[in-house]
Amino acid sequence: MRKLAVLTSGGDSPGMNAAVRAAVRRAHFHEVQMFGVYHGYEGLMRGDIKEMSLGSVGDIIQRGGTILYSARSEAFKTEAGQQRAVEQLRAHEIEGLIVIGGDGSFRGAQKLTEKGFPTIGVPGTIDNDIPCTDFTIGFDTALNTVVEAIDKIRDTATSHERTYIIEVMGRDAGDLALWAGLAAGAESIMIPEASQDMDDIIERLHAGQRRGKKHSIIIVAEGVGSAASYAEAITKETGWETRVTVLGHIQRGGSPTAMDRMLASRMGAAAVDLLLEGKQDRMVGVQNNQIVDVDFQEALAKKHQLDLSIYQLARTLSI
């Protein structure tokens, strides 16, 4: 292969730029041309493709977001859209494509492989919800952003003796809520993977109050429902002043942590190596701190498994 391309798709995550940088520089190391596809699959169908030099990825390792931009595309989900994407790649004489994104992005990459075009996936999402990899690019940065926010909210919760409910992202996965809750010492954590009824939460709050605790932090993953509804229920049952903070898209932004920069660099370079080895229809991952690659079909068929031992630990430490 003499020409490769890279695109970012779906929700942005801190570290995507580091992965793009690694892919471009690894390709140049192997004397292979690298092209950037701008605006995800939507841009791919339009032919928004430009060659990337070593200088084009200078000073981006520390930047959040993605210099290639990202967009969701309904048109790409169609047979005609996918065929148009392949035609654009071949028109530019590109022989392999690296897709950085989440499970939806990988399904798109798999469609291209089915049409005879080699693709490799790199997991980039703050949700950490991709099977077959311990971590995804952006999770560590988002985790640190959430913990920092919780620490600040706890200051005001303590000052006003209030209960605060903080809603974090994650779609149907509770990793971000769970890890942040443990790291920030939350009194209760609500995630999709572990049922916890309101009576249990209120009893734990009452138990803390009996020990002299005058404020509480509850972390709610967006996949379990609205934080506002839980706040209303707690106020109704206890009469306590309860506030809600929805952290929102602040969790996606910011300069990536050293951990995310390292992970993205390793994964981006590995994706290039896999294509040059003649591999395709695979996803790069990290397991036990070792870079691995797994079949797309295997990764997409499995369900992400949250480590419930962390949840049990958080419950025992929040008494």
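Residue positions begin at 1 at the first shown residue.
Just so it is clear, glycine is given a Cβ too, placed from its N, Cα and C backbone atoms.
Worth saying up front: this structure is predicted, and the values here are computed from it rather than measured.
Swiss-Prot annotations:
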| type | residues | note |
| --- | --- | --- |
| BINDING | G11, R72, S73, G102, D103, G104, S105 | ATP binding site |
| BINDING | R21, A22, A23, V24, R25, R154, G185, A186, E187, R211, K213, K214, H215 | ADP binding site |
| BINDING | D103 | Mg(2+) binding site |
| BINDING | T125, I126, D127, R162, M169, G170, R171, E222, R243, H249, I250, Q251, R252 | substrate binding site |
| ACT_SITE | D127 | active site, proton acceptor |
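For the binding-site residues R21, R25, R72, K213, H215, counting C-beta atoms within 10 A of each C-beta gives the highest total at R21.
Counting other CB atoms no more than 10 Å from each candidate's CB, the binding-site residues D103, D127 peak at D127. Other than the site residues G11, R72, S73, G102, D103, G104, S105, same-chain residues with C-beta atoms no more than 8 angstroms from the centre of those residues' C-beta atoms, the ATP site, are S9, G10, G40, G101, G108. Once the Cα atoms of R21, A22, A23, V24, R25, R154, G185, A186, E187, R211, K213, K214, H215, the listed binders of ADP, are compared pairwise, the greatest separation found is 57 Å.
Each of the binding-site residues S73, S105, T125 was scored by other CB atoms within 10 A of its CB, and the lowest score goes to S73. Counting every protein chain shown, the Cβ of R243 (substrate binding site) has 16 other Cβ atoms within 10 Å. For the pair G104 (ATP binding site) and K213 (ADP binding site), the C-alpha distance works out to 44 angstrom. Around the Cβ of R252 (substrate binding site), the same chain contributes G11, D12, S13, P14, G64, I126, G138, A142, M169, each under 8 angstroms and 6 or more positions distant in sequence. You'll find the Cα of G185 (ADP binding site) roughly 29 Å from the Cα of G102 (ATP binding site).
Of all Cα pairs drawn from T125, I126, D127, R162, M169, G170, R171, E222, R243, H249, I250, Q251, R252, which the record names as binding substrate, the longest spans 33 Å. Ranked by how many other Cβ atoms sit within 10 Å of their Cβ, the binding-site residues A23, I250 place I250 at the bottom.
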